[in-house]
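Undergrad: Quick one: the structure is below, questions incoming.
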Amino acid sequence: MTALTTQSSPGAPAEDVRVGPLQEADVDGADRVMRVAFGTFLGAPDPLKVFGDAQYVRPRFRAEPAWAFAATGPGGELLGSNFATRWGSYGFFGPLTVRVDAWGRGIASALMRPVMERFEQWSVRQAGLFTFPQSPRHIGLYQKFGFWPQHLTALLEKDVRPDPGIDDLPRHARLLDPGHDGELADCRTLTDRIFDGLDLTHEIRTTHAQRLGATVLTQDGAELDGFAVCHLGAGEAGSGSGFIKFAAVRPGPGTGERFEQLLNACESLAATRGLSRLVAGVNTARHDAYRRLLARNYRPWLEGVLMQRPNEPGYARPDAYVIDDLR
């Protein structure tokens, strides 16, 4: 998720701007910059309230401080921040935000440089981002760095009936134990079959370590059928809401049915935690997955465009039953 842009050349730091690691003392400031930037761009009456109590900056920083970057001015004042994420062979970044009174100075381009260097160090096969399809400035900035717009990504939401009195998940579903290496290995095996090297281990572990949510597994046989990293309540999801950060099912015959079973488990998990709303993002290139979500009464909330480098489908394909949005 990205805002806001400048027209500087790729990787060239803006004059008098220093880009380096984001410091713990600046995390709250980075959160404020992020909210005001997005709120201003989206025309919110009170920009600071644009995301309610949902948190995007602090959880990304805590996930791996070395992957968080800040731009500061000559007096040390915070001007913007950016966050890289690694899912094995796939990388993405965001939120990338710049202080409103510093727009147009090349700071967004400067904040892209360390992220691109990180992707190179990781030797990712592909990198992506979620941004606003209606903004030529956003699209233009990321094209300078080799990212190209592809299909829309739809953020969908569904009302859930809270039922905290019931603890059971559907049959063939269970919660992952993050200390169980075998279960983590099964998740890696599943995602590797979808995209070579795709690995959610770090995402799973940080979600559990920060108490942001849980990972649900579905299995009816010898092989893992699917898994979903679910954020539940305060944190990235926000109070009263659940957010499917990533979900995938094993490819092959019966994939659509496995996808439905995984969604049943996610919705049940949200209900047992007393949540009333569940958010799921899906790239529309995954046409059947998208249509199945709509058929389950998920409704559009926000749309962005997936930009990827190199300009290849990756796992944004019709045969991939994956939920993610790269915000």
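All residue numbers here begin at 1 and follow the chain in the order shown.
In case you wondered, yes, glycine gets a Cβ from its N, Cα and C as well.
Automatic prediction, not curation, is the source of TrEMBL annotations.
As annotated by TrEMBL, compositional bias 'Polar residues' applies to 1-10. Feature annotation from TrEMBL assigns domain 'N-acetyltransferase' to 17-161. Annotation comment: TrEMBL describes 1-21 as region 'Disordered'.
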Undergrad: Could you give me three numbers for the domain 'N-acetyltransferase' (17-161), the DSSP helix, strand and coil residue counts?
TA: 59 helix, 45 strand, 41 coil
Undergrad: Restricting to the domain 'N-acetyltransferase' (17-161), what is the model's mean pLDDT?
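TA: The predicted confidence over the domain 'N-acetyltransferase' (17-161), as a mean pLDDT, is 96.
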